[in-house]
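Chemist: Please read through the structure below; I'll follow up with questions.
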Amino acid sequence: MAKFKLSLVQFLVSPVKSDNLNRACKLIKEAAQKGAQIVALPECFNSPYGTTYFPEYAEKIPGESTELLSQVAKECGIYLIGGSIPEEDCGKLYNTCAVFGPDGTLLVKHRKIHLFDIDVPGKIRFQESETLSPGDSFSVFDTPYCKVGVGICYDIRFAELAQIYANKGCQLLVYPGAFNMTTGPAHWELLQRARALDNQVYVATASPARDEKASYVAWGHSTIVSPWGEVVAKAGSEETVLSAEIDLQYLAEIREQIPIRRQRRRDLYNVEEKRN
């Protein structure tokens, strides 16, 4: 299939987990009814984002949130990239994205590889490593449309991860994310366009809607970028479902016109995975 519809659910996350789950499911169903074949939720879609919240909202996988995602994916017959939730496993906490197929099967579980530890004086300091542990595996899943690679938020800053996914045959990279009011306006779109252009892939980011009253204010602006580096769809800061057509024939044409994949000097340099 040369084309398919991707939808990103950007919704306002509240402190009430049940409200978040109900809202997410409602918007997922709306996207599916309008023809979406792959749907993605934002980072930390079931809980507020913050180191104090992660232990409070953490769940096992399978658990309440992921079981609900499995059910709605099966009900709608879609591929569902379940944003991320705080996951508890063997006494450790992870920022984890669970992906489900049209039959409700768990296809992949991506634990955020690169933890969000930054300190911009006078603007923002955040240390995910105060409560979270990093993941240590790549996350790729197959669909009838194309192969998809998954990262979470800060993972997008690392060009190597995107290149490894592209080398594995991914044509779409999806990053549930929650950039903030400092890094969002400066880097959010830039990083997406860079990853798309570098690897000649589609890149999509699903953000929570902006809540000015939250302790951590998300930038919003969920986005879909083409392999030409062009923004094909971009949300504002409010709650919405953003959709775009992913055109794999267009991707193939770009790769043929500018054949960087064949032109790389692997005799001089290479990016490779250390663990499978």
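Residue numbers in this text run from 1 along the chain shown.
Every residue gets a Cβ built from N, Cα and C, even glycine.
Take a look at what Swiss-Prot says about it:
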| type | residues | note |
| --- | --- | --- |
| ACT_SITE | Glu43 | active site, proton acceptor |
| ACT_SITE | Lys112 | active site, proton donor |
| ACT_SITE | Cys153 | active site, nucleophile |
| DOMAIN | 4-248 | domain 'CN hydrolase' |
Chemist: Can you give me the same-chain residues 6 or more apart in sequence from Glu43 (active site, proton acceptor) with a CB-CB distance under 8 Å?
Modeler: Tyr49, Gly83, Ser84, Asn95, Ile152, Cys153, Pro176, Gly177, Ala178, Ala206, Ser207, Pro208
Chemist: Could you tell me the mean pLDDT over the domain 'CN hydrolase' (4-248), as a whole number?
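Modeler: In the predicted model, the domain 'CN hydrolase' (4-248) has a mean pLDDT of 98.
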Chemist: Relative to the Cβ of Lys112 (active site, proton donor), which residues of the same chain, six or more apart in sequence, are found under 8 Å away?
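Modeler: The answer is Ser84, Tyr94, Asn95, Thr96, Cys97, Glu128, Leu132, Pro134, Gly135, Gly151, Ile152, Cys153, Tyr154, Asp155.
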Chemist: I'd like the number of other C-beta atoms within 10 A of the C-beta of Cys153 (active site, nucleophile), please.
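Modeler: Its Cβ shell of radius 10 Å holds 26 other Cβ atoms.
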